Amino acid sequence: MKLQFFKYQGTGNDFVILDNREGSFPKSDTQLVAKLCDRRFGIGADGLILLENDETTDFKMVYYNADGEEGSMCGNGGRCLVAFAHYLGIVDKETTFNAVDGLHYAEVEGDMVNLKMVDVDQVHEKPAYSFLDTGSPHHVQLVKDLGHFDVQKEGKKLRYGLYGKTGSNINFVEQEDEETFQVRTYERGVEDETFSCGTGVTAVALAMHTAGKTKANQVHIHTLGGDLAISFEQRAGGYTNIFLKGPAIQVYKGEIEC
Ligand SMILES: N[C@H](CCC[C@H](N)C(=O)O)C(=O)O
């Protein structure tokens, strides 16, 4: 079988994207997805995304982690898929699409995609960390000297130790100023540090706001792969109108025999 694929990246979080509007991709072939995402034996990516037809919106997003299992929401992947839909001519400057966590609205402006995330109803605050769901589960923890922090080792420990089999994505944070933070993320399903995580930095912005570390309603985040901006409104117990904005870039397209 020959597969036409596209490679995208959003602040260094990279994805194989396939146009599956005709429905020919073998969706339950976990090994195939894992192989396509493998950096030595395949194309190489943090995840794989299918663009599919949807009955009520412009398109449907189906997201798999690099391990081949279907994941929860992926913010950077969602932004890349919007850029892909724009490239295909399915959407113009604005779109609404369906993903695993529900409806998403997004705007395209050149290389930038501004993606509306699901509302967050609860931020669980513990003395040493916060936990919240921004479409995917996220642990958010402030650390010192993030540049030298062992994200892989500490992330793995928490991902399995604190959250068991289901696990969580683990974000380590250092504050730069009133509205700017640096973030490094250990991603569940990749089981490694990635260069950026969209739902992760969204979780960081909201957790830092809840903890009183920032009063800003727009927070800037530096990741290993680039900069993202998160804007939001607070409402009783949670947050609404949450937007994640940053670049979403097509890297190349190709064909693979599999
Ligand atoms: N990289 C993604 C998160 C993927 C979530 C996935 N690792 C899971 O928990 O299933 C993002 O930009 O939001």
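Quick reminder: no glycine exception, Cβ is built from N, Cα and C everywhere.
In the three-state DSSP scheme, Arg188 (substrate binding site) is classed as coil. Spatially close to Arg188 (substrate binding site) yet at least six residues away along the chain are Asn65, Ser136, Pro137, Arg159, Gly167, Ser168, Asn169, Ile170, judged by Cβ distances under 8 angstroms. Here TrEMBL flags Asn13, Asn65, Gly75, Asn76, Asn169, Glu187, Arg188, Gly198, Thr199 as substrate binding site.
Marked as active site by TrEMBL: Cys74. Taking the Cβ of Cys74 (active site) as reference, residues of its chain lying under 8 Å away and at least six apart in sequence are, in sequence order, Asn13, Phe15, Gly47, Ile49, Tyr63, Gly135, Ser136, Gly198, Thr199.
Taken from TrEMBL, the feature active site, proton donor applies to Cys74. Under the three-state DSSP scheme, Cys74 (active site) falls in the coil class.
Summarising the annotation, TrEMBL assigns active site, proton acceptor to Cys197. Cβ neighbour count for Cys197 (active site, proton acceptor) (all protein chains, 10 Å cutoff from its Cβ): 35.
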Quick check on the binding-site residues Asn13, Asn169: which one has the highest count of other Cβ atoms within 10 Å of its Cβ? Asn13
Just to verify a number: CA distance, Gly75 (substrate binding site) to Cys197 (active site, proton acceptor), in angstrom, no decimals. 7
Cβ density check for Thr199 (substrate binding site), other Cβ within 10 Å (all protein chains) comes to 30
Within the same chain, and leaving aside Asn13, Asn65, Gly75, Asn76, Asn169, Glu187, Arg188, Gly198, Thr199, name every residue whose CB is within 8 angstroms of the centroid of the CB atoms belonging to the recorded substrate site, in sequence order. Asp46, Gly47, Gly71, Cys74, Gly77, Ser136, Thr185, Thr194, Cys197, Gly200
